[in-house]
Amino acid sequence: MLQMMKFAWDNYKRYAWGKNELRPLTRNGHIGNMFGGLRGASIIDSLDTLYVMGLMDEYNEAKEWVQTSLDLNSNGEASLFEVNIRYVGGLLSAYYLTGEELFKNKVVELGEKLLPAFNTPTGIPRGVINLGSGTSWSWGWASAGSSILAEFGTLHLEFVHLTQLSNNPIYTEKVMNIRKLLNKIEKPHGLYPNFLSPVSGNWVQHHVSIGGLGDSFYEYLIKSYLMSDKTDEDAKTTYYNALEAIEANLVQKSPGGLTYMAEWRGGILDHKMGHLACFSGGMIGIGADDGAPEKRQHYLDLAAEITHTCHESYTRSATKLGPEAFRFDSGAEATATRLSDRYYILRPEVIESYMYMWRLTHDPKYREWGWEAVEALEQHCRVDSGFSGIRDVYTTTVSHDNMQQSFFLSETLKYLYLLFSDDDLLPLEDWVFNTEAHPLPIIRTNCLQNEATQDKTL
């Protein structure tokens, strides 16, 4: 994993330095439109990975770039969600791991630029913000100008830490306000649909998914509780209620005995599970301890079953990497039926669940499964100048997509490294990972915590 990280980093540095991502086949950089005018996404996403792996020369190059070249005064359409999880998350982690004031100053400056997105009638932020002008709007493709559950629901961890670092309560107020509104409105069957109007505060469509559009909202409920040192009772209650609704309505067992999470469209189930939904094994695992005591084993079993299903989606492909989405309706199980679902873009969620399940159970199969993924990545995704996603996991004559995603450096390689490390490297009792795998310290009520945590961890 260390060699893989160094290889991915060295090629990014050689061919795409300062751009957002490396295009390894054409050996150039990609800027894209997700981050507005922000640059260096792969650098910000890699800071903590490099530091934790002990790649100090590389970490210092990255830090130097942040100091001299990270320009936050950019015009352009930035995704509030992506900027928050990658840039805010990456800078927060870098600060908490290293204590470098540079990262703290940058992240507070960036946090301020995100606040105008919340200027809506409900306080539910819009999805797109111009960091220069402060204007914000909703994604053109999102239903009727709505905001997306996974986007406005995946700000809590970072914003609570922004309040901690800036001593400005506004960040916590913004995310608490979102939570208040969600608590208040009617939930169909206790479920949270993916689209909500930031103007009326009503659900726009009754689509529910634990995959894309919904995924990290649920993850941040249990993680908010854990990050608060188990004092945020509201987050806890909301999480276990949501999980109950998910179990009652979405969790299914296939004829072949695989447990999966279906998607729900106005009461009708779509028997498909996205790669993105495969984080939920790890989520249910880390939440097993704090629900009803009699459900602890049930949750651990459910977490293991879902993680097993996601492993099956890898095992049942020719490359031993999993597709973007897999189905359970046409006889074939845990396999992609449509060509448009067969790609793998270096995503981390399956490996993420292996890491949590290893830490929770120490069952050796999780490390074996992780090693299978390492071998498959090396065989099919490594190219001459970096790592690339592939277009069809079901053929070994692979077609590469020419993109080394920044989350491959931030998440996939970090979770693999942690899976094969001792539990006291970023221990789960001291750190909570944001949805881009950036570790954030648990906020203890006693004020000596930060220094103590840093000393103990690294």
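Note that Cβ sites are derived from N, Cα and C of the backbone, with glycine treated the same way.
Positions annotated as active site, proton donor by TrEMBL: GLU82 (among others).
Residues or ranges marked as active site by TrEMBL: ASP215 (among others). When Cβ atoms from all protein chains are considered, those within 10 Å of ASP215 (active site) total 25, not counting its own.
According to TrEMBL, the feature disulfide bond maps to CYS278-CYS310.
Annotation source TrEMBL lists active site, proton donor at GLU324 (among others). Sequence-distant neighbours of GLU324 (active site, proton donor) (same chain, six or more apart, CB under 8 Å from its CB) are GLY274, HIS275, ALA336, ASP341, ARG342, TYR343, TYR344, ILE345, ARG347, listed in sequence order.
Listed in sequence order, HIS275, LEU276, ALA277, CYS278, PHE279, CYS310 are the same-chain residues six or more apart from GLU349 (active site) with CB atoms under 8 A from its CB. Feature annotation from TrEMBL assigns active site to GLU349 (among others).
The Ca(2+) binding site feature in TrEMBL is assigned to THR435.
CYS278 (disulfide bond) is surrounded by 31 other CB atoms, counting those within 10 A of its CB over all protein chains shown.
A Cα-Cα distance of 14 Å separates ASP215 (active site) from GLU82 (active site, proton donor). Annotation for THR435 (Ca(2+) binding site): spatial neighbours ILE85, GLY89, THR154, ASP215, SER216, GLU219, TYR220, PHE279, criterion Cβ-Cβ under 8 Å with sequence separation of six or more. Around the Cβ of CYS310 (disulfide bond), the number of neighbouring Cβ atoms within 10 Å comes to 30.
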